[in-house]
Structures are given as C-alpha cells and as structure tokens.
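Annotated features in TrEMBL:
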TRANSMEM  B:12-32  transmembrane segment
DOMAIN    B:62-251  domain 'ABC transmembrane type-1'
TRANSMEM  B:66-90  transmembrane segment
TRANSMEM  B:102-125  transmembrane segment
TRANSMEM  B:131-154  transmembrane segment
TRANSMEM  B:175-197  transmembrane segment
TRANSMEM  B:203-223  transmembrane segment
TRANSMEM  B:235-254  transmembrane segment
Amino acid sequence: MKQTKTFYFVPYSIWLLLFVVAPLMLILYQSFFDIQGNFTFANYATYFQSGTYLTMTFNSIFYAFLITLFTLLISYPTAYLLVRTKHKQLWLLLIILPTWINLLLKAYAFIGIFSMNGTVNDFLSFTGIGRQQILFTDMSFLLVASYIEIPFMILPIYNALEEMNPSYLKASNDLGANSWETFRRVIFPLSLNGVKSGVQAVFIPSLSLFMLTRLIGGNRVITLGTAIEQHFLVTENWGMGSTIGVILIIAMFLMMLVTGEKKKKGAVHKK
Amino acid sequence: MTKKNFKWSNLYLLLVFVVLYAPIMYLIFYSFNEGGTMTSFTGFTWDNYAAVFEDTRLMGIVLDTFLVALLASLLATVIGTFGAIGIYYVKKRNTRNTLLSMNNILLVSPDVIIGASFLILFTFIGFRLGFTSVLLSHVAFSIPIVVLMVLPKLQEMNPTMLKAAQDLGATNLQVLTKIVLPAITPGILAGYFMAFTYSLDDFAVTFFVTGNGFSTLAVEIYSRARQGVSLEINALSTLMFLFALILVIGYYFIQQYNMSKKHKQNGKKNTKAVTLL
C-alpha cells in the first residue's frame, strides 16, 4: 500500500518542484543579474533609488485600490439583493457567465464603446456635454478594469451572505434593531469574510493587468504588470523585470496577510 | 413600503445586469455590421462570419487553442487527481497544510508572475518556446484547481469503505477503481471542466511562453485589437459567447448532478468552488 501511495505522488511532486518551487526560485535568482548576465544588486538599487520605479509602484497600488473600491461599492449591494431574489441560482449563473468571455474580448468591446464616435460619446454629445477623449485615459482604464472585476467581487460576498443563518436576522429584529442597525451590526460583520476574499480576488490581479493598460489605457497607466511585461518582452532586461516581479510577489503576500488572517481564525472557530 | 423597496432593488439589479452584458451585446450587435466600424451601423450582413470561416490562419489558431485546452485539462486532471489522492493519504496535518499552501501558490499568483517565471524556467532548461511550452504551462496552472475540486470529494468519502474493501481482499488497484474513483467522479469532472475553461481563457501566461511560431486565440485577439477594430473579431466573439453559454449550461448540469447525488449540503460547496473562477 505504501508504494502505491508514493506512486500517486510522483507526477504531482514533479509538478510542485518544477512549476511551483523552481519558477519562484528562478525569478528571485534572475533578479540579481543585470542585462549582461553579471551578478549584481544594482536592480534593487535602481528600483529603490530612481523615483520612477517607486512612483510607478505607488501609482499601480493606488489604481488597484481604486478599482477594488469601485467594484466593492457596486458589488456589495448587488450581492445583498441577489441573495433575496427568487431563482437566485439562475441569477448567479448570469453573473458568472460574463467571466467566461475572454477578458480581451471585453476590453476590445470598450475600444468601440469609448471611441471618439462611440456610444458613450454619442450620448455625451446628445446631452450637450460634447465629445470627450475617453479611450486611452486613466479613467477608461479604471472603468474597464472595474467592469471586468465586478463578478469576482460579487461571488464571494454572495456566498458569505448566502451562508448566513437567517435566524440571526430574526433575533436582531426581535431584539428591537431596525433594519439599518441589523445591517451594520449583524449582516455586514458576518459578510466581512466574503468581502475580504473579494478584495483579495480583485486587488492582486489589478496590479498586473498589463493588457488593459496597453489596449485601453494607451500606455498612460503603467502598472507593475505592465512594467514586468515591458522588461521581459520588449526591452529584454529580465533582471529588472524579475526584480519588479519579486516586489509584486511581496506585495501579494502582504495583501494576503492583511486580508487572510482573521478568515483563518473564523474558519477554525466554525469547525 | 415593502413593495416600493422591492422595485428599487430590482431596478438596481437590472442596471448591474445591463452594465455587465452591454459590452458583450455591443460586440455581438456590431458583428452584423456591414460598415466595417464598431461605431456606426450601416446595414445587416453575415460577411464578417464568412470572413472568420474563410480565414484559414484564424481557424488554425482556433483548432490549436482547443487542442491545447483539451490536452492540458486532461493531463492536469490526471496529475491533479492523483495529487489529491496523495494529499488525502498524508496523515501529518502540518505536512498536509504545507502541501495545500504550495498547491495554491499558482492559483493566487498574478498571471504576469506565472508567465514571466515560466519563461525564465523554459529558457533556463533550454526548452524551445512553442506548442509544448504553452501546453506545459497550461497543465501547470490548471493542476491546483483540479486538486481543489477533487479533495473535498475524497474527504466526504467514508473511510470505512476503504478498510472494508481491503479486508475483503481487494487489491490496491481494485480499491482505487471500485471505491475511490467512483466516489470522486463528480469532483474530477468539475476539475476537468474548470481546467478546460482556465486554459481557454488564459491570455497572460500564454503571451509570455508562446514564442513566435505558435499562437492561441487570446494572443491573436490581443495582437489584432492592438492594430484597431476589425469586425472579424466581433463575429468571433459572438461565436465564443455562444460557446461559453453552452459551457455554463454544461457546468450547471454538472452542478445539478452533484447536488442531486449528495443532497443539499453539497450545493453550497459547489457555489464555493464556483467562486474560484
């Protein structure tokens, strides 16, 4: 029996070593080499000393924060209302469906919608505001990124609300809380885990959406992802690209630490 | 009062759905445009669809994309299922948790990191970029989701069944094929399905490891979209929307099948799995 057990593990372990551990090590290793292949700390020195990289990182984090905020503001009420509808499984499926359409096609649609003669500008000129440059601005990047991330925020919040024991609401009502107090003191705290996983699911990808900055942002917005793609595939400075990659990985772990800790405790309690 | 409330909430939901679907409908609408732009509709035509089917390069890419997705999800399902069985048999809790965290690394990593690090890996071992590198990458990032879909089914399995089978003289292979695999089939199916859609949907990782000769649909759309609007893409997206619709309906039925098989409790777990999308 012992032998078969290890046998099961062979392909999986190879995968773990080759595609999980090795790539992480390699990206760290590569970050210590310059473009000529010499060992150096210069990449990190450049990153922390030149203002450009730090500003870029700060901007990227700020944009990701805004995207997360927008999606949260739209998604929370949506999830809240969805849980209370009839046929909620069907509605949920309709929320999921757009996530199965390739991200690039959705971005491509916005090239038409936001263009100078597109629908949004037709509407703006109709209302008398006049045509504006929308495509290739920071705003268009934020809007499209939020649009793409909305379902990923709705789903975890929906699940958290769905799992909530309805008798808590009854109890809160019986004890004299009005609906706002019930929401603030019962529903929202209990759905916080869903909000956290939603924030996690939106914030980290938002740092790396390089295709959107290229197609919609018109290269005005540079996120961490754009910088990595640029260094790897355009300027071929892999060392610097890996350095930014390491920074992105660290940012990711910090984010998970912030949003993950209480969730774990909660999960242990439930068990 | 409740009636008025009800209306407002419906209006909000309706608005959200309109926003979610408007861009997709916009694409589909202009796929029938004669004029060649995505801004002014001049007349109805099927020409764009004809152009898609006449474009042999594009059709080749569609076939390649499906080939990669089918193969990658198949391989990922086999490796992931055995991996999940392996993790299930690990008795030490700490080892198990470590394995699970390592399993999840690729699920939470940003695509750019996965793509860039795989690119370094392939270059480092001197692997030529192309079909195989794309296939291997897709297998690699699909394995963790298969594990996550299969593992709960293993944990729901009654362990006394395994003991009983062994006591009655079943060989390891018999235990696997007669007890374990039937019990976890819904998980395997769901895992295969998720792996398939992951692979079809991926852009960023493929973009890094694809090299010059090979292209998948997402990469092709990206390079065409960078050159500007072409209604062929619109026609293609309509077809892909229909395909996604079929997939979602398929997934819905797998979910229903799972639910009817194991009462209501499972339903919640399934929606949880859907969250991972």
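Placed from the backbone N, Cα and C atoms, the Cβ positions cover glycine too.
Counting only same-chain residues 6+ beyond the ends of the transmembrane segment (B:175-197), those with a CB under 8 A from a CB of the stretch are 69-70, 72-74, 76-77, 80-81, 84-85, 142-143, 145-154, 156-157, 161-162, 165-166, 247, 250-251, 254-255, 257-258, 261, 270, 273, 276-277.
Counting only same-chain residues 6+ beyond the ends of the transmembrane segment (B:102-125), those with a CB under 8 A from a CB of the stretch are 83, 87, 133, 137, 140-141, 143-145, 147-148, 202-209, 276. Between the transmembrane segment (B:66-90) and the stretches B:12-32, B:131-154, B:203-223, the greatest number of Cβ pairs separated by less than 8 Å involves B:131-154. With a cut-off of 8 Å between Cβ atoms, the residues of this chain six or more beyond the transmembrane segment (B:131-154) that come close are 64, 68-69, 71-73, 75-77, 79-81, 83-85, 87-88, 103-107, 114-115, 118, 122, 180, 183-184, 186-188, 190-192, 194-195, 198-199, 202, 205-206, 209-211, 214, 216, 269, 273, 276.
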